[in-house]
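Worksheet: the structure to be examined is printed underneath.
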Amino acid sequence: MTDLSDIRREYTKGGLRRADLPQNPMQLFELWMTQARDAELSDPTAMCVATVDEHGQPYQRIVLLKRFDDTGFVFFTNLGSRKAQQIAANNKVSLHFPWHSIERQVSILGEAQPLSTAEVLKYFMTRPKDSQIAAWVSQQSSKLSARQVLEGKFFEMKAKFAKGDVPLPSFWGGYLVKPSSIEFWQGGEHRLHDRFLYTRQADEWVIDRLAP
């Protein structure tokens with residue numbers, strides 16, 4: 001077994017105090033996202049999306065956040081993917097943003113609701129054409145005999161859609177994750193990290209400080 005117990009560092013970039021918290025967690029998330037982008041982090045919108053299968057086995061994957069507002073967090077995916085199939089059976093999910101270099105993380109619990117076709121199409125039309133074509137090519141999570149099969153299909157579809165717009169695949173969609181709780185974690189000196197949990201109760205958010 002590889003021993004990693006000596007790998008550690010101090011967290012010194014700041015603190016988080018109750019008096020500084022807005023009542024709406026989305027305002028704090030917007031501030032932190034802006035600061036993560038300003039800090040030029042690699043992929044600040046990358047989040048871990050966790051789902052579970054019918055046996056309670058959890059699965060995780062990195063997905064890009066594409067939009068957020070007071071209603072929740074939006075991402076897009078192939079509707080034939082493992083994540084989409086699991087969401088169809090159990091729409092309770094968790095999201096996690098690991099912003100290591102600024103010593104912050106955000107953890108979200110909520111329910112994923114499918115977006116309308118109009119909402120999906122609106123975003124799909126903003127994607128680069130090659131990305132639109134790639135959405136047609138990959139049967140996400142299915143087994144492939146070789147990469148060449150995928151590449152061959154890509155160039156086949158690229159020729160097919162060489163002229164005009166690429167239509168929206170019927171098997172491609174998106175989700176709005178409506179949060180029931182959002183936890184903000186700020187690294188602190190001596191492992192005395194700051195953690196605040198926002199929990200939705202009816203139309204309000206209750207804020208609790210958690211022990212690190």
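Cβ from N, Cα, C; glycine included.
Feature list (source: Swiss-Prot):
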{"type": "BINDING", "residues": "ARG8, ARG9, GLU10, TYR11, LYS66, TYR123, ARG127, SER131, ARG191, LEU192, HIS193", "note": "substrate binding site"}
{"type": "BINDING", "residues": "61-66, 76-77, 82-83, GLN105, 140-141, TRP185, ARG195", "note": "FMN binding site"}
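If you measure from the Cα atom of HIS193 (substrate binding site) to that of LEU65 (FMN binding site), you get 26 Å. Under the three-state DSSP scheme, VAL63 (FMN binding site) falls in the strand class. Cα-Cα distance from LEU65 (FMN binding site) to ARG127 (substrate binding site): 14 Å (rounded to the nearest whole number). Less than 8 angstroms from the CB of ARG195 (FMN binding site) sit GLU183, PHE184, TRP185, GLN186, ARG209, LEU210, ALA211, PRO212, each of them six or more residues away in the same chain.
Within 10 Å of PHE76 (FMN binding site), as judged by C-alpha distances, the binding-site residues found are LYS66; the full candidate list was LYS66, ARG127, ARG191.
Following the DSSP three-state reduction, the secondary structure of ARG195 (FMN binding site) is strand.
Put simply, ARG82 (FMN binding site) is 20 Å from LYS66 (substrate binding site) when counted between their Cα atoms.
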